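Colleague: Starting off with a structure, shown below.
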Ligand code: NAI
């Protein structure tokens, strides 16, 4: 029997962050994963998709070079090289991560683990015992019962490895994965139609952001069918056919199913060991302890935002508790959210709607259009920064859309998480010319002292 202070099931961003911090704090750690450490984020999620999205941006730059006075042309995509670029980024990061894990003396066990008691996990017939167990098994794409995946009907896992650029694609779900793939495939030459059940794209974002995105996607000739329900999916040798409740039938080369991700908690022995689940998610208290006192849960298996950086933070939070510290709990609304479609979306805190529900009519908002920002003009970035301020003048929401706005989320999340008053932040200097000035202008405007803002 192997023994360690901490046994971690799942080596994604949650599990490996917990492993690293536990080891740094002097605990012996066993990290178990049936696949490569790094999890969805490194191998099938954040990193490979963003690598492809960067390549898509290069394609768009080539296509639009003439408007900057540069002679270039977009002549096509070498899919083998495209995947080669993506895989090189992934394998370098994977090598760095495994090196770090080894240097810290963390024992990695390759195999599928199963909880067999409050302090024991079994992997391929071997029992591993720990003082504490951390569950971090992540999530997997959800596929509605009426849909069968195939070489034309893909989840994001298969879409990332597709050996061709589809000539056309239907994307089921206009959430984060849906709009990122819509953007990617459009840039690489596909004709894309998004089918979203709710009345707007990115329905978790502020309504103004959805409206901007829909307008800017229309400009890119991406079709969005919102408020649309699918009643059937069939495939033949030539295409996949998607029937909508309205009777319309859409046909395309491929269908991407992007209707959310479900927690990977089945067949792990959790219920048998007394770990309480709710609709597949592990139930935890505010310290991320499960119903079994020696078992913690972190990341996508805990209901809430399914984001790698939330998992990192939860991993650190749990590791520090195990080491006897008293870290501060993670505030869900203070976690920055970034979607890497073109235009990018970045937000933190409350939407205007949620702020009005919480604070009433005294809520103020300002929307600063990137048309007034010099750097955005140079980059030809359309979009806006929207600030939501509570009746006391405190920033309670920041919502941004436009090429490059992902890089503005650092300041935005500090404003929100530190509970800064807009008027206080407005006196700080934003370097010129940066897109960051748009945030500065919005802060000045909402404090009643706009500079570059009409009327
Ligand atoms: P999501 O929850 O963001 O979006 C799913 C969308 O599908 C929703 O808008 C929903 O209304 C719609 N939908 C559900 N059932 C449908 C149906 N039958 N027909 C039509 N529409 C339907 O989930 P998504 O995009 O699959 O992403 C999964 C998770 O991964 C999310 O939590 C997301 O935050 C995370 N992720 C984060 C990224 C980032 O931070 N940049 C990138 C990719 C994923």
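Any Cβ shown, glycine's included, is placed from N, Cα and C.
Annotations in TrEMBL come from automatic prediction, not curation.
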Colleague: To which of 300, 326, 342 does TrEMBL also attribute binding of FAD at the site defined by 50, 113, 137, 138, 139?
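Modeller: TrEMBL names 300 for this FAD site.
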Colleague: Let me know which member of 105, 260, 262, 269 TrEMBL also records as binding NAD(+) at the site of 173, 174, 175, 176, 177, 178, 179, 180, 196.
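Modeller: Candidate listed by TrEMBL for the same site: 260.
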Colleague: Determine the mean pLDDT over the domain 'Pyridine nucleotide-disulphide oxidoreductase dimerisation' (335-442), rounding to the nearest whole number.
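Modeller: Within the domain 'Pyridine nucleotide-disulphide oxidoreductase dimerisation' (335-442), the model's average pLDDT equals 97.
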Colleague: Taking every protein chain shown into account, which of the binding-site residues 196, 300 has the largest tally of Cβ atoms within 10 Å of its Cβ?
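Modeller: Per the Cβ count, the most surrounded site is 300.
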Colleague: Between C-alpha atoms, which of these binding-site residues comes nearest to residue 179 (NAD(+) binding site): 50, 113, 137, 300?
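Modeller: Out of the listed candidates, the nearest Cα belongs to 50.
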Colleague: So if I take the recorded positions (113, 139, 177, 300, 432) and measure from each Cβ to the nearest atom of ligand 1, which come out below 6 Å?
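Modeller: Cβ < 6 Å from ligand 1, in sequence order: 177.
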Colleague: Output the one of 137, 139 that, of all these binding-site residues, has the highest number of other Cβ atoms within 10 Å of its Cβ.
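Modeller: When each Cβ's neighbours within 10 Å are tallied, 137 tops the list.
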